[in-house]
């Protein structure tokens, strides 16, 4: 019994820690000034390249700006990027999946083929093409990452829509003579969309990583901006002298990704338990 | 049904399957070509500037008009598209604007470096994943391995690359921080790509592996007195291979994509770096050439995956059609 209790406690620690980290991020997004008193853009040439110390917990960058402060202020933009990109990707995915699943045989075949084709393009390559077309900046970055990663989500949601479409309860609703519109709204959408909650939660972290990759290549917010990917890309130039400029922004990204994955999985477990 | 299909399998079905595969491959390539065409025609910025040597030059209007005519850029867009597809279909990838040499030559020069990196990354990832699955025995070790795998799978390649570059390239100076020379220069880029992929592979394969461990044939093998590690390696692992293999086809594509960043960081020659530079200079023939190359690699990976399925699981020979 105690062993079981300990196992349960252990299983709860991960999600709790992850939720705690996400809560801190949320505070940083809404009110960064609560967490730090320093200005993220204040230049102090004398304090440039200061290694981590009590005064500058995560060190300073080439202009003497405090890394920790910049990370806190950067959370807003980085998370906003992640959330908007996953929203766009899931919007595309759901639209395509509904068209393919409910639009008849030709539509189904067309969407299958489209997914096949989209999969031939790696996320980053597609995103790179998009940013070439749209230019660099925050909005093009969101669109590029959203479109680039839509293929994987389309396949998942499409599979879900097909499974729900052929489920007995939909057949029953059809036999009862409900209108197609009502069936979509009452049965197909809720059941196909529920897994989306999990996908969306886990996706935010993944999207933060993708947009950081593109920012890193110079396609995101231009340099002085306090955005995690941009900070990483600046840190790379000074990697031989100032490792802290790279380590901490990367850590923030990795932790975000891990936290969303862990929380997403916890939600999934809970939903599965509720369903059975 | 099984007996019947087994008899007719060698001819009719195989031919149909190959035909479908080929048709699909052509469609994917066509879509790749169209996408590259569309993307670069929607791109702001005049390709003529790229042809005439970038934004720093100031060519006269006559030169611009001449270049425009020479490259067929003054024709209607539908005609340009038709000519473009016809040219590709005849096997001519065209001339790179920015490098002033045939695209095929650029691919020939840059391709091997990328393919070598992809192959070594894929192999290393498999090695890591299999080691982690087979040798993490016992409840605690397994839990630890699981957590590590999840963590590795979540590591962004470019961040890992920079950290490895800093630790092993600059601080300890074990491996060269940049370049293409020799096997040693391959180590850091390979690790940056292989560690996250290995974690991902392991995570996907572990579930099937754990299921297989509870099968009766494992019990039989244990009863025969086969050592545990041999059981895991010979009997259970085979069942975990299928999801790993199907993931690998996708992974090849992802490796090319992530390779862009890795090649930039380690200043390696390769397709990814070339793609980034081509996109930045609006070098349309080169971009479409590279996109086609990537699509082709992806198609070949898919075919190889299907072949491997049958090798790993002979049952599929009878049921797959």
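Just so it is clear, glycine is given a Cβ too, placed from its N, Cα and C backbone atoms.
No curator has checked TrEMBL annotations; they are predicted automatically.
Looking at B:77-97, B:182-202, the range tied to transmembrane segment in TrEMBL is B:182-202. As stated in TrEMBL, the feature transmembrane segment covers range B:150-170 out of the listed B:45-65, B:150-170.
Scored on C-beta pairs under 8 angstroms, the neighbour of the transmembrane segment (B:182-202) with the top count among B:115-138, B:150-170, B:286-312 is B:115-138.
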